[in-house]
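J.: Sharing a structure with you now.
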């Protein structure tokens, strides 16, 4: 069943069918990577268009309306359709292996979550072709979003609702997987940091996404069914949207960064050849950040007029978060201290991440000071701040994870020389783009404006910023070239290419689809390293060889998603013609029918008999 | 061996009896709370006072439901409780935030 060997003989469409129906977490991880990577490139193109519009004063590269669509879709795409799915890609590819499980707890749900995200993302982008995409900013503040003409915002609402449901499912799935599917001996305090941080991020998804779901439903009713939740003239309140959005939105930024903290913890520890310094403090800091993350949402709303007392409370709560984050920064530094450091590409990203993220954190504390925030609010200073934490944190982390786990996922090493070139161009390009934006903001450049006047001291800064953006684009192109080159010419890398410490490197490369022939016994933190230090090459099994139970492939999640996708169009267009309600009935009929089939038809999976496993072992 | 087995059996029996007693007790408490609530609504007590007491009863009843009927009082329910209270915490903050910041 090994994909690489088998795909040589199989037709293209049989591979496609295999991937559409798969419930294997490793293949779902690959699909998340492809889809997330596609949206990352799309969001990047939108970013380049934004920067090109701002390259000189009073530029007319795009119109004002189209510029609004670009900034809205850039933000929405990057957060919901690129960063989060790419994190899910690595969570899927790695976590079951790291905890010694044969699959996730709910393989069916895993597949459903993936397809809901993919089709939600497509739905968001359909707006481009129907007279304008969403244009009210990625935060979609009311009343701007409720009165925005056309269907762009409708696609935003329905698309995010569908992909958000997928994210919620994925989050629940990983919570249950990590609680229930750990191998014998894998106690909570032996979980690799990536698993720990993903676990906490999944809990954040579970608690934060419902707020978004509720907000989106209210907006959907306001836009499509003439309700007035956000319309003050009818007794509504437009501030509720901001609260609901940020009650979700602030935990969301920790959902984006916590798993990345985990990635860097793994990378720093592996390439310093030391166990992570202050493991329990790292876990504690992660949980504390998650806890505090729910009490700070209103720091996005200091200028709304909540009053001095509320502002002060949220300002202090926000500044507290700097403490656990600082604990983490120092722990990474101490892990490297006196370690035997190898500067590999993932390690380079980790080294670049620490100062960059610290700068982003410092500007975060500046923004948290409510009184000063009146000055920074809605200026390029804010843009610079969140790009320092999202690119300097999340994107650096995703690129590090790509290089680090690429051999785990595809049995190829990415070219190290090209990887390092990518890093340096991306790193320089990134700082060139965003460092100057701090100052542009302080010099008075407001965010979301499509033009600025000449000779106001903004010309040079914007030109520098645009140049940096193109450097980042070049770096991404080199990465793509690297991927294609190693896919065509690269040699299979074999097992454990980085001399790893955690359990995912104990699994052969390419991994058998059941991951572990015998579930391993975990004897300490960094289980593979523990065995290596005892002079063994592989894990001690915790069970005798026996039949393995695996789930069946199924196309139902894909069918369900198609149903919701069709129903989405029905909801958007029913206001023009009652006949279009038929789309809602057809779509929901397909989705509910697929659910009914899933409920009534027992699908108990299948067993791989012991004999077959023994035969494989002899080969 | 023999003795130990009977002892074990007796222990389990006793435990079951106690569980049953708890179940019946909590169930009757739930009914009594409900009767009191209805009684208070029918009487001429201060409306605000009645509301507060009913909300208090509701919270206690949910607690009974979770701990006795859904067995959260037994061992091995640490993680569900943690997530449950985490959710309560997030929900509470949301409601508090909306009430205090937008409607007050």
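Even glycines carry a Cβ here, placed using N, Cα and C.
Not my notes, these are from TrEMBL:
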type     : residues  : note
DOMAIN   : A:11-523  : domain 'Cytochrome oxidase subunit I profile'
TRANSMEM : A:30-50   : transmembrane segment
TRANSMEM : A:70-95   : transmembrane segment
TRANSMEM : A:107-129 : transmembrane segment
TRANSMEM : A:155-181 : transmembrane segment
TRANSMEM : A:193-220 : transmembrane segment
TRANSMEM : A:240-264 : transmembrane segment
TRANSMEM : A:276-298 : transmembrane segment
TRANSMEM : A:348-370 : transmembrane segment
TRANSMEM : A:382-406 : transmembrane segment
TRANSMEM : A:460-481 : transmembrane segment
TRANSMEM : A:555-573 : transmembrane segment
TRANSMEM : A:579-597 : transmembrane segment
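For the listed features, I'd like the structural context: burial, neighbours, distances.
T.: The list of residues near the transmembrane segment (A:30-50) in space but at least 6 beyond its ends in sequence, with Cβ under 8 angstroms from a Cβ of it, reads 19, 22, 61-62, 67, 70-71, 73-74, 77-78, 81-86, 88-89, 92-93, 114, 117-118, 121, 125, 409, 469-470, 472-473, 476.
Long-range contacts of the transmembrane segment (A:107-129) within its own chain (CB-CB distance under 8 A, at least 6 residues past either end) are made by residues 21-25, 28, 31-32, 35, 39, 42, 69, 73, 76-77, 80-81, 85, 88, 92, 150-152, 154-156, 158-170, 172-173, 551, 554, 556-558, 560-562, 564-565, 568, 598.
Outside the transmembrane segment (A:348-370) by six or more residues, the chain places 264, 267-268, 271, 299, 302, 311-312, 314-315, 318-319, 322, 325, 329, 332-333, 376, 381-382, 384-386, 388-389, 392-393, 396-397, 399-400, 403, 419-420, 423, 427, 430-431, 438 with a CB less than 8 A from a CB of the stretch.
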J.: Contact between the transmembrane segment (A:555-573) and the transmembrane segment (A:382-406) is defined here as three or more C-beta pairs under 8 Å separated by at least 6 residues; is that satisfied?
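T.: Counting Cβ pairs under 8 Å (6 or more apart in sequence), the transmembrane segment (A:382-406) does not reach the transmembrane segment (A:555-573), since there are fewer than 3.
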J.: May I ask whether the transmembrane segment (A:276-298) has at least three C-beta pairs under 8 Å with the transmembrane segment (A:193-220), counting pairs 6 or more apart in sequence?
T.: yes
